[in-house]
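Asker: One structure is given below, represented as structure tokens, and several questions about it will come after.
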Amino acid sequence: MNISVSENIALHESVKELYQPGVGLTVRTILENVLAGQELNQADAITLFQTEGAELDALTACADQLRRASVGDTVTFVINRNINYTNVCYMGCRFCSFAKRKDDPEAEFFDLDEIVARAQEAWDRGATEVCIQGGLHPNIPGHFYRDMLKAIKAKLPDMHIHAFSPFEIWFGARKSKMSYAEFIQDLIDHGLGSMPGTAAEILDTTIRQQLTRDKLTTEEWVEIVKTAHKLGLPTTSTIMYGHIDGPEHWAAHLALLRDIQKETGGFTEFVPLGFIHHKTPLYLEHAGVRPGPTRLEHIRMHAVARLMLNGWIDNIQASWVKLGPELAQQMLSAGVNDLGGTLMNESISRAAGAEHGQEMHPDSFVQIMRNMRRQPVRRNTLYRHITVYDAPEAAPAAPRYAGAAL
Ligand SMILES: C[S@@+](CC[C@H](N)C(=O)[O-])C[C@H]1O[C@@H](n2cnc3c(N)ncnc32)[C@H](O)[C@@H]1O
Ligand SMILES: Nc1c(NC[C@H](O)[C@H](O)[C@H](O)CO)[nH]c(=O)[nH]c1=O
Ligand SMILES: N[C@@H](Cc1ccc(O)cc1)C(=O)O
Ligand code: SF4
């Protein structure tokens, strides 16, 4: 983002929360520097992850200001459907309650007809995207990933297929005895439109080893994502936070995503995914694991992400499945400009005990955005605007959610 000097001054002076009593010189200086166009470094991000009260208000006001300067007052969503084609998985990630063994009565595997029928139903309901992710089923042949794309595209050539996390790519490439580049290129040739940036969790070796014994390593995640970007395939980016992690991991994770983006430009958005703890082995069987992020941690994560990624990844998404609609709405005043997808089906968070339902109707998205006096826009997966709704009426200012008030 290029901000001219005069705009910098305007930006800076309008954030009056920076000069309230209770905002110490350290936090004020960090925020002033960011508003003046300086890159937020990891040490300062760690400081911001610890703010509360008036300092947290100043952080969210700064995130809100940067959001307005980079993407304006529109808030976007996408009409999509999740297709979790199998929950059979032997990786044993301790934070995951979605995965089942083959002989489990709840084990599921959708054949190609079922997958196409779900995509067709979604298309008939106005979806532009299917988001396809599943377990690493030991019996899946390497060509199954390509077969899913071919089957959907044969029936629905214009459906955007957002599919296969870097972990599924790692698995499919091994099964197919192909390099990551060969495997991804083959998927692109058969209609893959973009990849979810899940399986990122916390991009830190020590943390990953505690989450999953043989987790895809940080280096492998980075290599697969960069390979996709270099082949012209965009991906999203995520973090799963609020378990055994902390501010220093969050700051390093965001800095790594920013470095990748500087090299490839391939990330479309960043989505913080709060850990849903209720039914997970990680929480139930290990002492000292936190029950997901606190409300203030959610706010800080979205706000610091806006500051850290500013000018590089301009779309910061709040996940309503993880947060619920009220908290997702509050995130709109902490740097967020996107509320993700309608989803239609949701199994991963639900399996871990989340209770926010499986679908968000477009009218509900529009209502949430209007409540915050923001302009609702329906987008496609790659952020092209599809429907611009009527602007919210000029009315009393939107509620501001901030640290002290929560
Ligand atoms: C369930 S996996 C499906 C794709 C593939 N099996 C993989 O691991 O990449 C997708 C993502 O869901 C998220 N997830 C799983 N369990 C979760 C939980 N309890 N709370 C929050 N996010 C979770 C993780 O970020 C994970 O990478
Ligand atoms: N599918 C899930 C998402 N998806 C995020 C968006 O719906 C969309 O796929 C993305 O914005 C692409 O542009 N988010 C969740 O938290 N949980 C899901 O299951
Ligand atoms: N939000 C992710 C997809 C996702 C799917 C399931 C989850 O539990 C979390 C995230 C993306 O679109 O890139
Ligand atoms: S997160 Fe993915 S790889 Fe890990 S157990 Fe769950 S489904 Fe399997």
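Glycine residues also receive a Cβ, built from the backbone N, Cα and C atoms like all the rest.
Curation plays no part in TrEMBL annotations; they are all automatic predictions.
For reference, TrEMBL lists these features for the protein:
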DOMAIN    75-314  domain 'Radical SAM core'
BINDING   C89, C93, C96  [4Fe-4S] cluster binding site
BINDING   F95, E201  S-adenosyl-L-methionine binding site
BINDING   S165, S319  (3R)-3-methyl-D-ornithine binding site
Asker: Non-local Cβ contacts of S319 ((3R)-3-methyl-D-ornithine binding site) (under 8 Å, 6 or more apart, same chain)?
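Answerer: Same-chain residues close to S319 ((3R)-3-methyl-D-ornithine binding site) (Cβ under 8 Å, separated by 6 or more) are V271, P272, L273, G274, A328, G340.
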Asker: Have a look at the binding-site residues (C93, C96) and report the one with the fewest Cβ neighbours inside 10 Å.
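Answerer: So among C93, C96, the binding-site residues given, the one with the fewest Cβ atoms within 10 Å is C96.
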Asker: Give the mean pLDDT for the domain 'Radical SAM core' (75-314) on the 0 to 100 scale.
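Answerer: Residues in the domain 'Radical SAM core' (75-314) carry a mean pLDDT of 97 in this prediction.
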Asker: Scan C89, C93, F95, C96, S165, S319 for binding-site residues whose C-beta lands under 6 Å from an atom of ligand 2 and note them, or write none.
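Answerer: Only S319 qualify.
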Asker: Using the recorded [4Fe-4S] cluster site (C89, C93, C96) as reference, state which further residues of the same chain have their Cβ within 8 Å of the centre of those residues' Cβ atoms, listed in sequence order.
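Answerer: Neighbours within 8 Å of the Cβ centroid, excluding C89, C93, C96: M91, G92, F95, F98, A99, G135, T212.
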Asker: Which chain-mates of F95 (S-adenosyl-L-methionine binding site) that are at least 6 residues away have a CB under 8 A from its CB, listed by sequence?
Answerer: E201, L211, M240, H243, F275, T280, P281, L282, A352
Asker: In this structure, which of the binding-site residues C89, S165, E201 has the fewest other Cβ atoms within 10 Å of its Cβ?
Answerer: C89
Asker: Any idea what DSSP makes of S319 ((3R)-3-methyl-D-ornithine binding site), helix, strand or coil?
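Answerer: Looking at the DSSP assignment, S319 ((3R)-3-methyl-D-ornithine binding site) belongs to neither helix nor strand, so coil.
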Asker: To the nearest Å, how far is the Cα of S165 ((3R)-3-methyl-D-ornithine binding site) from the Cα of C96 ([4Fe-4S] cluster binding site)?
Answerer: 15
Asker: Should we count any of the binding-site residues F95, C96, S165, S319 as near ligand 1, judged by a CB under 6 A from one of its atoms, and which?
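Answerer: If the test is a Cβ under 6 Å from any atom of ligand 1, the answer is F95, C96, S165.
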